[in-house]
């Protein structure tokens with residue numbers, strides 16, 4: 001499961017700065033759900049090839065009389081969702097009573113906690129950090145979040161227990177120069193045909209993992225129980241924590257599935273509960289672990305920013321997507337038309353996803369959901385050979401030639417599969433990374449249409465082909481060497 005890191009500390013110690021630095025390589029998901037404080041942010045981040053979730057637990061002021069109340073509610077819940085807590089303090093401001101109060105509270109929680117002294121750029125880091133040893137910590141890490149110094153070493157150390165061979169040689173907490181970090185993160189991962197075959201084999205050996213996600217009270221619980229009820233599968237009533245989804249194996253039409261239930265543990269008698277506990281972390285973990293994401297939207301409410309945020313997260317994760325517009329029954333035709341127009345207007349960026357209008361309560365349209373789930377999964381995992389992809393690429397370039405870059409025509413040579421779920425097409429050629437975004441979108445849409453891909457995003461990766469003669473030095477023949485000597489001798493005689 002993807003690990004979760006919580007940033008804790010009093011205001012203005014640099015939590016948001018570190019949050020933005022960690023999540024900048026991918027769109028940060030900012031959650032503003034009912035029941036959550038507005039200043040708590042959840043985002044997806046990456047270290048090396050490993051993903052993790054980071055939470056900015058804003059709103060903790062650490063006041064001596066109010067720390068128990070402040071931390072006991074939303075912020076404490078976020079800390080409990082985390083695998084690792086980064087307790088941030090301000091190296092320039094020094095130790096404060098607020099820091100001591102927060103540290104005392106964190107000691108009561110059995111959670112891996114690391115002390116992070118921020119803002120140590122331009123000052124004596126060791127001298128600025130000395131007072132913080134009073135907090136009784138075993139290890140202290142010094143960083144400058146605004147400039148990225150020490151951040152990679154910190155995160156590698158924090159996540160080392162969750163990933164093998166993560167630590168670099170420079171991970172002892174010292175200040176390191178990361179001025180080129182953005183360029184390193186911008187580099188694309190290179191995919192080979194062997195990687196694609198391995199990922200496809202793993203997918204073929206497993207059941208389809210289907211995550212049902214959505215805002216609170218859109219009908220996820222009702223839909224889950226409707227699906228399970230139709231299949232006569234016992235609803236598991238297992239104890240779970242606030243951050244763990246329930247994995248329910250089921251079978252439909254001879255196909256094995258694992259339903260990832262994010263709506264929480266419920267008994268059959270509680271299907272119509274109006275209050276639902278919502279965990280952002282639980283939802284993000286479910287998306288990361290799923291093959292197909294079923295996003296439930298309430299037809300009686302406008303599409304919200306939270307709907308778009310969840311959809312964007314699933315899209316960034318490369319998951320297949322099916323949309324279910326729930327509570328469709330009872331709406332008059334005029335309202336239905338307005339809802340459809342709103343869907344077309346706001347969800348154009350996922351025009352590849354099937355949309356179903358359903359009633360989870362009465363079962364209307366629920367059975368057809370699995371047709372789209374299977375279609376999306378099939379599109380995401382169907383093997384496509386190099387010859388087919390190369391032929392499609394050549395057809396695309398014949399219909400619309402690549403543009404000129406610095407006076408030279410970009411040349412696309414061949415294409416092969418680089419991965420599945422989502423499908424990744426790797427195109428090799430000259431200057432291919434210089435292609436404008438408009439032409440990249442053209443190629444992506446051309447491949448999608450040609451391969452009849454539906455329900456899943458498709459990714460195109462470009463790799464510049466190596467020049468086999470780049471470092472080659474031609475050896476002169478004997479006659480060429482003699483001619484060269486005669487020419488050099490003539491030049492010398494002319495100078496005399």
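Using N, Cα and C of the backbone, Cβ positions are placed for all residues, glycine too.
A quick note: this is a predicted structure, and the numbers were derived from the prediction, not measured.
So that you can see what the record holds, here are the features copied from Swiss-Prot:
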BINDING   9-16, 56-60, 118-121  GTP 1 binding site
BINDING   214-221, 261-265, 326-329  GTP 2 binding site
DOMAIN    3-166  domain 'EngA-type G 1'
DOMAIN    208-381  domain 'EngA-type G 2'
DOMAIN    382-466  domain 'KH-like'
Around the Cβ of residue 9 (GTP 1 binding site), other Cβ atoms within 10 Å, all chains included, total 27
Distance, residue 214 (GTP 2 binding site) to residue 12 (GTP 1 binding site) (CA atoms, angstrom):
33
If I take the Cα of residue 9 (GTP 1 binding site) as reference, which of the binding-site residues 217, 220, 262, 328 has the closest Cα?
262
Of 15, 57, 120, which is closest to residue 262 (GTP 2 binding site) if I measure between C-alpha atoms? They're all binding-site residues.
57
Binding-site residues: 12, 57, 217, 262 - member with fewest neighbouring CB atoms within 10 Å
12
How far is it from residue 57 (GTP 1 binding site) to residue 220 (GTP 2 binding site), counting Cα to Cα, in Å?
27
Give me the CA-CA distance between residue 214 (GTP 2 binding site) and residue 120 (GTP 1 binding site), in Å, as a whole number.
41
Just to verify: the residue among 120, 220 with the fewest other Cβ atoms within 10 Å, which of the binding-site residues is it?
120
Let me check the 10 A CB neighbour count of residue 214 (GTP 2 binding site). How many other CB atoms are there?
24
At the level of the C-alpha atoms, what whole-angstrom distance separates residue 328 (GTP 2 binding site) and residue 15 (GTP 1 binding site)?
42
Rounded distance in angstrom between the Cα atoms of residue 220 (GTP 2 binding site) and residue 15 (GTP 1 binding site)
33
Using DSSP reduced to three states, classify residue 220 (GTP 2 binding site) as helix, strand or coil.
helix
Rounded to a whole number, how many Å is the Cα of residue 120 (GTP 1 binding site) away from the Cα of residue 217 (GTP 2 binding site)?
45
